[in-house]
Every structure is written in structure tokens, then in C-alpha cells.
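Annotation source Swiss-Prot lists region 'Disordered' at 1-72, 113-155. The N-acetylalanine annotation in Swiss-Prot covers Ala2. The deamidated glutamine feature in Swiss-Prot is assigned to Gln12; the stated evidence is experimental evidence. Annotation source Swiss-Prot lists compositional bias 'Basic and acidic residues' at 37-49, 123-134. Swiss-Prot lists Ser73, Ser84, Ser121, Ser122, Ser135, Ser139, Ser140 with the feature phosphoserine.
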Amino acid sequence: MASATTSDHAKQAGGAHSRQRDSGLLDQLGKLFGQEGSRKVPEKGKEPATRSVLMAPTTHKAHQGARRQTDDSPVVHFFKNMMSPKKAPVQQKAKSGASRAITKFIWGTDGQRAHYGAAGSSKSKDGFRGRRDGSGTLSSFFKMGKKGEGSPARR
């Protein structure tokens, strides 16, 4: 047996050392995250505290890539998200008339909110649906209540 590992020595020794954990995996993880030389075997009473101290910096490093860049302050991040064009929600086929009308009013028929970077709008009031064309909020609600439309219970 030319290359014996720590676990092989523990198996051969037997006795009190047979209960000792194999620290090979922990050593490899420590080397991976830059904690070389930490081969100390934790004591029974202190194991959870030691594990949380060792794991806290690694989980923090792992989640940093998913967060926003550190050069953006929270205020800048907020305004960037507020001013960027929003995508229309995915439309479901089985929507009721009221929710469809509200969605159309909020998002518009072309899927873009009015004045939020809608492409192809030359005038500033092209996306506005108001009293002139009769497709505002109240008009759409009153159109829903016409006879012959809606659920069979209302007719």
C-alpha cells in the first residue's frame, strides 16, 4: 500500500481513533476556498459553532455574484429598476373579462406601458388612451357590463 490516506490510517489504528471523521473532504473544500492549513479536528461540543464560522464566509462569497454590482448604491439600483421598460405579464388564455380589461389598461394593447420607452412613438401622447378615443378605464368597465356579454348568470 504505497499511498495511504488519513482514513486508511484511522481504519488500521482502531480503538479510540476509529470514531474520528475523515477530514479529506473538508481539507479539499478548505483549500478550494483559501483556508489552507486548517486541519484541526473539531471537538464534540464545539462542532456546530466551528462549522458555522467556517461556512459563513464561503456562502457569502458564493452569493455575491448573484447580487447587483457593488458600485451601484441602493438608490441608484432602485431608480434603474424603476425607469427601465417593463415587460408585459404572460397572458393566460382563461382570463375573465374584468382582469383582461384591467391588464389591457395598465399595460396597453401593445404590451408596453405608456411613456416607458415604447418603441416607435413619435409624439409624447401617442400611447395615451383617454377620453378622446373612448378607451379609458371607465369606458372599458362600462363596456364589460353591456347586455349579451359576460357570464350567463348576469344575462
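Any Cβ shown, glycine's included, is placed from N, Cα and C.
Counting every protein chain shown, the Cβ of Ser139 (phosphoserine) has 16 other Cβ atoms within 10 Å. For the modified residues Ser73, Ser140, counting C-beta atoms within 10 A of each C-beta gives the highest total at Ser140. Across the structure, Ser139 (phosphoserine) and Ser73 (phosphoserine) place their CA atoms 43 angstrom apart.
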